[in-house]
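Per Swiss-Prot, the features are:
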ACT_SITE  Glu138  active site
BINDING   His137, His141, Glu216  Zn(2+) binding site
TRANSMEM  12-32  transmembrane segment
TRANSMEM  35-55  transmembrane segment
TRANSMEM  159-179  transmembrane segment
TRANSMEM  184-204  transmembrane segment
Amino acid sequence: MEIGTSLKINMIIALFLTIVSEGIFSLVIINFLKFPVIFSIIFLLILWLIQWLISPYLVERNSVEVTRDDPSYGWVYELVENVARRAGIKTPRVFLVDEPYPNAFAYGNYVTGKRIGITIPLLQILTTEELESVIGHELGHIKHNDVEIGLAIGLIPSILGFISNILLTVGWATLIFAVDEFDILVGLTMLAIGGVLFVITFFLQLFVLWFNRLRESFADYFSYELFRERAWNLAKALAKIEIYMQNIRLDPFRGIIVTIPPTKVKESDPDLLIEDLLREKTNIFSDILSTHPHPAKRIKMIYKLTKPMIF
């Protein structure tokens, strides 16, 4: 089966299972608490809308917008503009982000405008062609409305996880400072409920992360569709990012910010790292807790797509 078609089918399956699992657990909890279903749905929609509206402002802290007239970075805007034209979408607003690691991410909404954030280190380590392929990947997220979908399917696990953390924290505190049997009973009850919610959150998060990894692979495929054999530059970009980040640890649950999980590397040469990743064996557990596919899986997919053209 063609890679693009396979990715689409897998995304549909993953999204369906994610929605069904979240719906089942939500209905069980709502019925247990005797909350009206309509009220609960309205409450979730309001929370999603608030998050959708304010998230761009939270993400773009320590960033500055770049325009075509910028004397130092106008070329970055023009590069995004050219790739957007090739992708057939409106040019997003471009922001340079003051972060210590190389990264690029898509964010924004229809109110603030779709946006792309690019960190300074990424500009420093990539060639123009490599940066172009990364931008193609991010524009794929914008064209496919991945930001909105990601916020929607991640909302329920986030709420349950937040409540779970509160119950576990307060439960332990209640046990520690308990003065009678009633306090102990309350503390144990909180720990029990918090523990159950933690397990549910973890289970749901596995589905969300699975869908996120498929979205990332589809964004890689979108970059390939834009540049064909030149999409091999995306593999080189990924290798350079991995090398740069070999000593940086990032939380895979950072939410809206699209990050690239670091892996330990020995080589300083991207080509050597690519060769190692092409030989590396991976399985379903290699990236099960990551928002992005394992680097070896991404490199292998790009290699499979571009091999007939350049190798």
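The backbone N, Cα and C atoms fix where each Cβ goes, glycine too.
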>> Under 8 Å between C-beta atoms and at least six residues away from its ends: which parts of the chain pack against the transmembrane segment (12-32)?
In response: 40, 149, 153, 156-157, 160, 200, 203-204, 207-208, 210-211, 214
> By Cβ distance under 8 Å, which residues at least 6 away from the ends of the transmembrane segment (35-55) in the same chain are close to it?
Replying inline: 26-27, 107, 109, 111, 148, 151-152, 155-156, 159, 256
> Hey, how far is Glu138 (active site) from Glu216 (Zn(2+) binding site), Cα to Cα, in Å?
Replying inline: 9
>> Within a 10 Å radius around the Cβ, which one of these recorded positions has the most neighbouring Cβ atoms: Glu138, Glu216?
In response: Glu138
> What count of other C-beta atoms do you get within 10 angstroms of the C-beta of His141 (Zn(2+) binding site), across all chains shown?
Replying inline: 24
